Amino acid sequence: MWMLAVALLHSISHGILTENFLSHHAFPSLLLSLHFSHPSVFSEDLHASLYFVNASLQEVVFASTTGTLVPCPAAGIPPVTLRWYLATGEEIYDVPGIRHVHPNGTLQIFPFPPSSFNNLIHDNTYYCTAENPSGKIRSQDVHIKAVLREPYTVRVEDQKAMRGNVAVFKCIIPSSVEAYITVVSWEKDTVSLVSGPRFLITSTGALYILDVQNEDGLYNYRCITRHRYTGETRQSNSARLFVSDPANSAPSILDGFDHRKAMAGQRVELPCKASGHPTPKYRWLKDNIPWEPDSRFRQTVTGLLIENTRPSDSGNYVCEVWNNYGTAEMIGRLYVKQPLKATISPRKVKSSVGSQVSLSCSVTGTEDQELSWYRNGEIINPGNNVRITGINRENLIMDGMAKSDGGAYQCFVRKDKMSAQDYVQVILEDGTPKIISAFSEKVVSPGEPVSLMCNVKGTPLPTITWTLDEDPIVKDGSHRISQIITSEGNVVSYLNISNTQVRDGGVYRCTANNSAGVVLYQARINVRGPASIRPMKNITAIAGRDTYIHCRVIGYPYYSIKWYKNSNLLPFNHRQVAFENNGTLKLSDVQKEVDEGEYTCNVLVQPQLSTSQSVHVTVKVPPFIQPFEFPRFSIGQRVFIPCVVVSGDLPITITWQKDGRPIPASLGVTIDNIDFTSSLRISNLSLMHNGNYTCIARNDAAAVEHQSQLIVRVPPRFVVQPSDQDGIYGKAVILNCSAEGYPVPTIVWKYSKGAGVPQFQPIALNGRIQLLTNGSLLIKHVLEEDSGYYLCKVSNDVGADVSKSMYLTVKIPAMITSYPNTTLATQGQKKEMSCTAHGEKPIIVRWEKEDRIINPEMSRYLVSTKEVGDEVISTLQILPTVREDSGFFSCHAINSYGEDRGIIQLTVQEPPDPPEIEIREVRARSIALRWTMGFDGNSPITGYDIECKNKSDSWDSVQRTKDVSPQLNQATIIDLHPSSTYNIRMYAKNRIGKSEASNELTITTDEAAPDGPPQDVQLEPISSQSIRVTWKAPKKHLQNGIIRGYQIGYREYSAGGNFQFNIISIDTTGDSEVYTLNNLKKFTQYGMVVQACNRAGIGPSSQEIITTTLEDVPSCPPGNVQATATSPETISISWSTLAKETLNGILQGFRVIYWANLLDGELGEIRNVTTTQPSLELDGLEKYTNYSIQVLAFTRAGDGVRSEQIFTRTKEDVPGPPAGVKAAASSASTVFVSWLPPLKLNGIIRKYTVFCSHPYPTVISEFEASPDSFSYRIPNLSRNRQYSVWVVAVTAAGRGNSSEIITVEPLAKAPARILTFSGTVTTPWMKDIVLPCKAVGDPAPTVKWMKDSNGTPSLVMIDGRRSIFSNGSFVIRTVKAEDSGYYSCVASNNWGSDEIILNLQVQVPPDQPRLTVSKTTSSSITLSWIPGDNGGSSIRGYILQYSEDNSEQWGSFPISPSERSYRLETLKCGTWYKFTLTAQNGVGPGRISEIIEAKTLGKEPQFSKEQELFASINTTRVRLNLIGWNDGGCPITSFTLEYRPFGTTVWTTAQRTSLSKSYILYDLQEATWYELQMRVCNSAGCAEKQAKFATLNYDGSTIPPLIKSVVQSEEGLATNEGLKMLVTISCILVGVLLLFVMLLIVRRRRREQRLKRLRDAKSLAEMLMSKNTRTSDTLNKQQQTLRMHIDIPRAQLLIEERDTMETIDDRSTVLLTDADFGETSKQKSLTVTHTVHYQSVSQATGPLVDVSDARPGTNPTTRRSAKTGPTARNRYASQWTLNRPHPTISAHTLTTDWRLPTPRPAGSVDKESDSYSVSPSQDTDRARSSMVSTESASSTYEELARAYEHAKMEEQLRHAKFTITECFISDTSSEQLTAGTNDYTDSLTSSTPSESGICRFTASPPKPQDGGRVMNMAVPKAHRPGDLVHLPPYLRMDFLLNRGAQGASRDLGLGQACLEPQKSRTLKRPTVLEPIPMEASSTREAQSWQPGAVATLPQREGAELGQAAKMSSSQESLLDSRGHLKGNNPYAKSYTLV
């Protein structure tokens, strides 16, 4: 079957498909696809592509000396074939050595000499093509042009300008090379100019000099050009600028433009510059419409700048210029071209064969363009199925696309020399029909319906037909055909047979065909029934081809099918093939003689039955033409060509065609046909007969053709003949010659020189002589020797050559043949200049001087002319020459054919002008000069002489430097001395002579770094981190200027080390200097050097000196501290030693600090042990106790840092005896035993054992009680029998000691007894507390509770908060502070009673600490504080909070409870901070302290008055000296500098973040006053400085000061004087008024500050008094001396005001003493209390405090709220500062009330205490007077003095005396001052003098106590000599000092008054002791007060403010009473300050 398909395809491919071929043959199950075959130029592979790599390449210009390489701008994938063509379409070829195309498509043109120039190669248009299977594209036209090297010169002309105006220099370039030349730079003398403020180089190459100055005329100006392609540079001549003084003149345009072309999107500058005075103004118009500035248009110094140009910007631009004296305008046209752009749409075209494709090409950038379409590189012309529509042929429409139409389509747009293109690839899919699915072969029975389907795909939609055994299906009732089109575009056809018959069997075929091809499918349908053969049609076969014969069998089944010919079974040869299964016979390569005949098909139906049918095959032979060709013919000849058909069946028809069409009769062609031949005859051949001739032969079998081309050759002939011509010398001439012929003839020119007999020679073509494409000869530059005969010869190898000659006559225009380019003349002498002219006569010669014709009337000029041969010689004489004659002279020669000129530069030489000398740079030992050469006398400068001398010397002793090179314009004078003044001048010399002396300069050299080191450098260590360095300045002659400061270099000294020095810079203070280095390493050896500094730098360093810082305490704790309990009383401790770098000295040992952590949360006594070893065993410890342990190292300087606490518990031991035992009978047989736990548990109590025994007999009973039980009932005892009872505690270590043995007897009438013990009960506040009272007895006793109130017990109040349980316990809920006190429980029955007393102590949160500032630095603040009352619970720690001023953000730090100071680091310099402190105890955090404020050291910057701001000033620069800025102790954060010309409003800003030593202001205006302002900031603030300065004139002179002169008339003098007087008086009055207002404001502010402090004190007083108020009896107070105490750092100021009398009535008394806060549980030593009552005379308004470290306007001691005071105080006296009250009112009555609650036992010693009394006002709603304590840890005398000064400023304290105590360190002072202090917290706050300074006596404020509790109050008394042993050391010494100074009587009185018991509670008040001044004893006697006595206190005269008073404590009384004797105190001295 496939063989049949191949045969069918072969037949169709040859175009021979007979009409009945398919209808007579059946092919079972055969699928055939028939394609119309066409040559394809486009692949269907979508991955193939073409593209451009440089589509913008349109022009290549190169130099003939370099050649060029031009790559083809197209490429593609897969790789493409690249070819180059000329614009005419001719493919180029290689020309050896001239042109070559590389394999990669690069076109190379080699370098060539001018004589080898060829237009076709070196100046032509090319294009290249790229071709691959995707198609073929062509590039845009590329114009390749070679530029020949041509000599040229450029020149610049002199210009004139007015000073302050503008000058424009232009570089004049010859027009022949102007397109290739670019101005690259300008030079001023030999220095290249750079565009700047005054010199601008425009885009066109012009030089603008703005703001012309006189010195601009002293230079020569030249332009430098470069050839764009050859790279050659040219330098123009020198031109000068003549500067004149400004004169009123109308504007004159100096620079403009005629026309300018630009591409859209570019930047264009339209120049317009004019000169005139006054300076003209400019205005631009476009198309006569004023121009409005916008973002694209901007008027600049040079003209109008247009950014991003658009085509709409094209137009006429007018630049109007005007001033007061006239106008001018410049008109130019701007052409903005839009780049050509072509765009094809759609971008992707994918279609099918036969479809329509439309392409559109849109063009931008032009309106009148030429558009053409190309397909695969070939131009597309309309016709057939191609249409090109649109106004500009922009639409391409192609119908019925064939496969060959696919490929690359391009749209080309051309306009002038621009072109653009775009391309798109058109992909054509294969639209040939394809069978997607179809029916299959099947067998059916008669009557069975059958449906056959064919699904076909193709483009365009195919047509489907059905056949049965090659016969069309006839539609009838049982045969129906239908078809549908699916969504995929497929055509589905159905053949439905409803009632199948046997005749319906056979081969069914569906055939689909469209314009792309035909496809068919066939399969056999067998219908059961008797087999038979359907009649077959005869077949015509073509000889030489294959033929298929199908046997049309119907019916099924059958046995076989066989073919016979002439009764012979086929096949019988190799060309015959029989397919038995489907009945098909194939005849290959049919032969007429053999294969023609009758063929029989025999079908075997049954074994013995067969049927047959015959078919006749006729074989026809197609024609065959014998090939023929046209020979070479020429025009006019005769032609005969035969066409012979050598084979083929007759009849044969023969026809002829020309170029595919029938031959028209008008051509005169004769055709003769005879049988199988045909001939073509032409009698007279002409060009019309050119073409392709085709002979076509046809018969019944086929039609064949043969084609041949006829080419008619034409001999050459002239179209334009040459004729004689004239040519002008130097101009171009074209010798015309044009010819035609075929092939195209070749034209050759020959030349014969002269007018004689011609002897023609070939002409060598070159760049000057070129052959044009039409054959004419072009001579670009006619020379005189070109005159002669020229012959034009034409040939093309057809016929004879033709030629024609002509004569060229060369006319010579006037030419200057000889003249001097340059010539020299000496000023004052005669000068002659000649020039020679040549050319056609007559010739006229004239002379010009710089465009001015020289006339005979000019007296100094004489012109003479003479003829010599064919030349004319003209001579110009100048008599005599002057400077102005220098310049350009020109001689002009003119005749009828042209003119010429020769330019002669005449230089008149003379001695030069002196140079203008200026300073370029001044250094310490050299001066750099720069000079501007004036007029050089038109003779090169041969050298310069420079003279220099000291200012004080004469020019006779000058140092001279001769013959400085003339190439230099600057020099440096060296070997000068720094900071010295010199005079300098110079001379210029040329060949003519020497100039005058230049201007004289006076210059002072800069300072140089000192040459000598500082002298006498000494080091003195003053602390562990400080070393004082002292030195003296270097020797005077080595200072090299003024010493501004020093640098100290220091480093850790190491003998072999190489450590770098740390540098510190300081300012100088004099010849002797001192500086202290701080923050050094402790106990470290340092090496130090000192260097002196001046403005120039740093001098040599001094010799290194070594010293060591002092020893200090260690900075780190010992490490790895470990502790282990070894026994119940010992702990073993070990640690590691410190590193050497942290010891800070010589290790003396280690100190171990330890204390017990008690069970109640309290801390035990702090102890310390020292050792020299890194281990220690602590013994004598409490058993089973948790210990805190810290270790520190100490040196000779003291203790170092403690280690972190570690905790270790000692081991368990047997417990101690129970602390107490009670036993009582509850009945006749039962007793109760109660006990207290042991005081020393020594472990965990496991149980208690109760022992009970009776002696007769001795029986001991043991009873066990649980460890948490403290009572036991012993039953079953004998009545009225005594028993011994004791108790033992038991731990894991065993039984402890037994308690005391008590006896008890069971009784029937048992009296009431309380088993609970008396004692102290401690509880936190706001908790519920149960006070137990367990009572026994028979009958059961009754219990009542009482509380001690003012010494009198009273029953407790029972309410909702207080109740008594049935067991006798007293319950207090939510216990408060006022619940503290002594409670009594009384139990009673009929037989007795018992009582216990419980002391309830309520723990509250701690009171607020008193926070002060003790030290500040620039980055840190050290705070100290005194803790307040601990609230009955030890302080557990502190929380310090801080915030920057004006900030809401607070930070916090936890602080150990043992600390009393804290240092905050890394703070901002010079900044205010706020601080608060909160204490915490076991109850919780206490009240926050008052907010205090402190400021770190540092202030805002300031400029030193001793420093000069301006270091140097010249014409355009100012150097500022910034060394004078002092940073104020804080680093500079910003530095802003602004300056502006005086009188203007715009500031020029230069901001710097750091200060350097100097700063230079550049580009200032010459001779102008400026305003300057600086702003320097640091973290503390900002400072500003303003100044004015003036720049110098260009000659170095100064300008007048800023003074406005007023010209006044005589009449106006008097009026002006009066006006001045009036203004002066007004100013004075305004000044006085302002001063008065300022004084009022200052006074008001001070008053407000005082009032604020008073208000703060008022608030504090209210707080204190609200806590301390207690009711008491009224006391009378005797007259006292007013005292005020001020706390200052470690100092006490006792402010004493005498002669103050007051009478005060006190009704409300507050009792505050040290004894109030002692241990209340210990009652062994009761003290007598002396209470002094004092009532404030007025409302308190504020405390008097030390504000030396506080911020102005703030009060560091302000308190806002009240809190419970402390319960324990240091025994040292606190110093209280009294507030300042209002003026006193009328006198009040004082009464005295003495209370002695408990007499002192005989022989007892009073407990030492201090007593204070603060009394509130009677009006409790108003603020109370209070006393405030402050403290600081600082001990400097400066702070003391500052506090003293603050106190003296207070009005009431101006006449006060101040007493202070100065402390010295002693070995025993620390121990003495801390003796007897048991409280851990207070021991840390004791004011022990640790170093020399001012003693500090401070303590916490007192805690308020119950008014009724006076058991522990102390009474001030005079100590007897025997009592001194009980006093602290300082009181002992003070008492001894006071003995003998009126002490006896007063001491006695005081002591008696205090100790004598009284029956009445009202006693006389003892005399108050007064302080005794150092200079004399007090003479005041004590007044005796009687009960009820009344005293009147007089008011102070004129007092504005009231008095303040402070009560004396016991210590103060002693201090007041002691005598001030010298030398007795071992560590203190006292002073009195007045």
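Positions of Cβ are set from backbone N, Cα and C atoms, glycine also.
All protein chains shown were included, and the count of other CB atoms within 10 Å of the CB of Cys128 (disulfide bond) stands at 24. Secondary structure from DSSP puts Cys128 (disulfide bond) in a beta strand. The feature disulfide bond is assigned by Swiss-Prot to Cys72-Cys128 (among others).
Annotation source Swiss-Prot lists disulfide bond at Cys171-Cys223 (among others), citing sequence analysis. Sequence-distant neighbours of Cys171 (disulfide bond) (same chain, 6+ residues apart, CB-CB distance under 8 A): Val154, Arg155, Val156, Val183, Gly205, Ala206, Cys223, Thr225, Ser236.
Positions annotated as disulfide bond by Swiss-Prot, on the basis of sequence analysis: Cys272-Cys319 (among others). Just so you know, the Cβ of Cys272 (disulfide bond) picks up 26 other Cβ atoms within 10 Å once every protein chain is counted.
The disulfide bond annotation in Swiss-Prot covers Cys361-Cys411 (among others). In this structure, Cys361 (disulfide bond) is part of a beta strand by DSSP. Applying an 8 A CB threshold to same-chain residues 6+ apart, the list for Cys361 (disulfide bond) reads Ala342, Thr343, Ile344, Leu371, Trp373, Glu394, Asn395, Leu396, Cys411, Val413, Asp422.
Marked as disulfide bond by Swiss-Prot on the basis of sequence analysis: Cys454-Cys510 (among others). Listed in sequence order, the residues of the same chain lying 6 or more apart from Cys454 (disulfide bond) and placing their CB within less than 8 Å of its CB are Ile435, Ser437, Ala438, Phe439, Ile464, Val492, Ser493, Cys510, Ala512, Tyr521.
Counting every protein chain shown, the Cβ of Cys601 (disulfide bond) has 23 other Cβ atoms within 10 Å. In the three-state DSSP classification, Cys601 (disulfide bond) falls within a strand. The annotation disulfide bond is assigned in Swiss-Prot to Cys551-Cys601 (among others).
According to Swiss-Prot, the feature disulfide bond maps to Cys643-Cys695 (among others), an assignment based on sequence analysis. In the three-state DSSP scheme, Cys695 (disulfide bond) is classed as strand. Around Cys695 (disulfide bond), the same-chain residues six or more apart in sequence whose CB sits under 8 Å from its CB are Ile625, Phe628, Cys643, Ile654, Thr655, Trp656, Ser678, Leu680, Glu705, His706, Gln707, listed in sequence order.
Take the CB of Cys792 (disulfide bond) and look out to 10 A: across all protein chains shown you find 25 other CB atoms. Annotated disulfide bond per Swiss-Prot: Cys737-Cys792 (among others), in sequence order.
There are 26 other Cβ atoms within 10 Å of the Cβ belonging to Cys835 (disulfide bond). Summarising the annotation, Swiss-Prot assigns disulfide bond to Cys835-Cys891 (among others) and lists sequence analysis as the type of evidence.
Annotation for Cys1385 (disulfide bond): same-chain Cβ neighbours under 8 Å, separated by at least 6 residues, are Ile1314, Thr1316, Leu1331, Cys1333, Val1343, Lys1344, Trp1345, Gly1368, Phe1370, Glu1395, Ile1396, Leu1398. Taken from Swiss-Prot, the feature disulfide bond covers Cys1333-Cys1385 (among others).
Confidence annotation: the domain 'Ig-like C2-type 1' (39-145) carries a mean pLDDT of 83 in the model. Here Swiss-Prot flags 39-145 as domain 'Ig-like C2-type 1', drawing on sequence analysis.
Among the features that Swiss-Prot reports, domain 'Fibronectin type-III 4' is placed at 1217-1311, with the record citing sequence analysis.
The domain 'Fibronectin type-III 6' annotation in Swiss-Prot covers 1500-1601.
Sequence-distant neighbours of Asn54 (N-linked glycosylation site) (same chain, 6+ apart, CB under 8 A from its CB) are Pro71, Pro73. Residues or ranges marked as N-linked glycosylation site in Swiss-Prot: Asn54 (among others).
In the three-state DSSP reading, Asn104 (N-linked glycosylation site) counts as coil. Under the heading N-linked glycosylation site, Swiss-Prot lists Asn104 (among others), citing sequence analysis as support.
A simple way to gauge crowding: the CB of Asn513 (N-linked glycosylation site) has 18 other CB atoms within 10 angstroms, across all the protein chains here. DSSP gives Asn513 (N-linked glycosylation site) a strand state. Under the heading N-linked glycosylation site, Swiss-Prot lists Asn513 (among others).
Of all Cβ atoms in the shown protein chains, 26 besides its own fall within 10 Å of the Cβ of Cys72 (disulfide bond). Here Cys272 (disulfide bond) is positioned 119 angstrom away from Asn1367 (N-linked glycosylation site), judged by their C-alpha atoms. If you compare Cα positions, Cys792 (disulfide bond) sits closest to Asn684 out of the recorded positions Asn684, Cys835, Cys891. When the recorded positions Cys72, Cys737, Cys891, Asn950, Asn1297 are compared by Cα distance to Asn538 (N-linked glycosylation site), the shortest distance belongs to Cys72. Considering only the recorded positions Asn513, Asn684, Cys737, Asn1514, the residue whose Cα is spatially closest to the Cα of Cys601 (disulfide bond) is Asn513. Here the candidates are the recorded positions Cys128, Cys319, Asn1186, Asn1514. The one whose C-alpha lies nearest to that of Asn684 (N-linked glycosylation site) is Cys128.
Taking only the Cα positions, the spacing between Asn1514 (N-linked glycosylation site) and Asn950 (N-linked glycosylation site) is 22 angstrom. For the recorded positions Asn104, Cys737, Asn1186, Asn1297, a Cα-Cα cutoff of 10 angstroms around Cys72 (disulfide bond) retains Asn104.
If you take the Cα of Asn1186 (N-linked glycosylation site) and the Cα of Asn950 (N-linked glycosylation site), they are about 90 angstrom apart, rounded to a whole number.
Between the alpha carbons (Cα) of Cys737 (disulfide bond) and Cys551 (disulfide bond) lies a span of roughly 80 Å. Note: the CA-CA distance between Asn821 (N-linked glycosylation site) and Cys891 (disulfide bond) rounds to 11 Å.
Set side by side, the glycosylation sites Asn104, Asn821, Asn1186, Asn1276 differ in how many other CB atoms lie within 10 angstroms of their CB, and the most is found at Asn1186. Ranking the recorded positions Asn104, Cys128, Cys551 by the distance of their Cα atoms from the Cα of Asn1297 (N-linked glycosylation site) places Asn104 first. The shortest Cα-Cα distance between Cys891 (disulfide bond) and any of the recorded positions Asn104, Cys272, Asn513 is the one to Cys272.
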